[in-house]
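Feature annotations, courtesy of TrEMBL:
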COMPBIAS  1-22  compositional bias 'Polar residues'
DOMAIN    44-413  domain 'Amino acid transporter transmembrane'
REGION    1-30  region 'Disordered'
TRANSMEM  80-102  transmembrane segment
TRANSMEM  139-161  transmembrane segment
TRANSMEM  173-191  transmembrane segment
TRANSMEM  198-221  transmembrane segment
TRANSMEM  233-256  transmembrane segment
TRANSMEM  268-291  transmembrane segment
TRANSMEM  311-337  transmembrane segment
TRANSMEM  349-373  transmembrane segment
TRANSMEM  379-401  transmembrane segment
Amino acid sequence: MTISKQVEQASFSGQNQTMVESNESDREDKTNQLPFSFKSLLWHGGSVYDAWFNCASNQVAQVLLTLPYSFSQMGMLSGIIFQVFYGIMGSWTAYLISILYVEYRTRKEKENVSFKNHGIQWFEVLDGLLGPYWKAAGLVFNCTFLLFGSVIQLIACASNIYYINDKLEKRTWTYIFGACCATTVFMPSFHNYRIASFLGLGMTTYNAWYLTIAALLHGQVEGVKHSGPTKMVLYFTGATNILYTFGGHAISVEIMDAMWKPRKFKTIYFTATLYVFTLTIPSAAAVYWAFGDQLLTHSNAFSLLPVSGWRTAAVILMLIHQFVTFGFACTPLYFVWEKVIGMHDSKSMCLRALARLPVVIPIWFLAIIFPFFGPINSAVGALLVSFTVYIIPSLAHMLTFRSASARQPLMICRILMKRTKKLP
């Protein structure tokens with residue numbers, strides 16, 4: 001390919017990217033021009049702040065309660081190192097996913113494809129860039145991960161409420177919370193989680209600092225031991241639970257697609273991860289310092305902390321956040337099912353909600369079968385998150401830009417755009 005052709009192709013690519021940016025600005029301008037109302041304040045969210053709250057709120061919820069258990073399996077130092085390592089690596093692959101999303105969106109805009117009333121998903125990005133086999137891989141891993149992620153939230157709800165009301169069996173509580181969480185079928189998309197994600201993150205922030213302060217005030221139990229790690233199996237079981245903590249990439253594309261300016265997603269995800277560190281590391285370290293090896297037989301941190309009004313408040317707030325997280329995990333599954341049955345483009349939210357109910361039923365059923373969630377976190381982390389978070393996005397990025405001709409127009413385009421910005 002000659003230099004002139006490369007520049008011509010890069011210029012054309014730059015025009016397409018400019019067109020996408022213009023469409024993003026148009027989406028934001030149209031939203032800003034809507035008449036202000038209390039409903040729009042709480043319901044319509046596509047800003048960088050909304051995306052930040054969605055990312056941070058999705059990364060940490062009930063897994064906060066099992067991280068001290070992971071520390072007892074791995075030891076304090078390894079627990080902290082693996083949290084930082086997985087968090088940074090997760091931010092890197094989120095960056096790769098954002099590049100692939102923009103590339104897919106740019107190509108489709110060039111083909112005059114309209115995404116009005118259509119939510120772009122990860123498997124569609126893989127299909128558009130790499131073909132049907134990659135689409136199948138994305139569907140299998142993402143849907144399975146989100147399915148079990150939803151199951152874990154229901155199980156955790158029943159497990160947590162049991163600490164403040166043990167008059168009912170855990171499975172009975174699972175029935176109750178399953179019915180409550182089924183109301184998430186009325187959430188149209190991630191564009192509408194503004195108030196939910198804000199409150200959810202606030203509630204988990206309370207939980208994190210409650211665990212930290214309560215453990216420090218409680219002090220170390222008599223004869224406390226910190227013997228971890230003792231077995232290789234326990235060490236890697238704890239590592240996979242931490243891997244699950246930073247494995248929220250299954251909904252990254254949906255969050256990006258709900259943004260007015262999705263190109264800013266990579267920075268948003270990284271800063272959200274930094275905030276999550278301030279919640280997970282102090283709380284896990286403090287609880288492990290206080291209780292040590294007792295955590296090996298108590299996967300839920302609530303079980304070791306003394307009964308108090310503060311703990312009751314923490315349980316209730318965690319339950320509400322788990323409701324939000326259940327909606328995060330289920331919304332992409334709702335989208336997939338709607339596309340299968342041809343209801344995704346429907347403007348009637350009532351019809352879409354009715355069509356989504358078959359997705360909730362098997363999740364509810366699986367949550368009733370499995371009455372525990374600690375080991376499930378590790379299993380999901382080992383078998384699903386490793387592919388969903390690291391392997392598939394990295395391979396997809398390498399294959400999409402494997403040739404010099406695929407990379408060079410982007411590089412030349414960036415140079416041209418920089419020069420354009422310098423012009424008066």
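Glycine too: its Cβ is placed from the backbone N, Cα and C atoms.
When the stretches 80-102, 233-256, 268-291, 311-337, 379-401 are ranked by Cβ pairs under 8 Å to the transmembrane segment (349-373), first place goes to 311-337. The list of residues near the transmembrane segment (139-161) in space but at least 6 beyond its ends in sequence, with Cβ under 8 angstroms from a Cβ of it, reads 61-62, 65, 122-123, 170-171, 173-174, 177-178, 181, 247, 250-251, 300, 302, 315, 318-319, 322-323, 325-326, 329-330, 332-333, 336, 362-364, 366-367, 370-373, 376-377, 380, 384-385, 387-388, 392. Per-stretch counts of Cβ pairs under 8 Å to the transmembrane segment (311-337) identify 173-191 as the leading one among 173-191, 233-256, 268-291, 379-401. Within the same chain, residues 89-90, 93, 96-97, 99-100, 103, 126, 129-130, 134, 137-138, 141-142, 144-145, 148-149, 152, 236, 240-244, 246-247, 249-250, 407, 410 sit at least 6 positions outside the transmembrane segment (379-401) and bring their C-beta atoms closer than 8 Å to a C-beta of that stretch.
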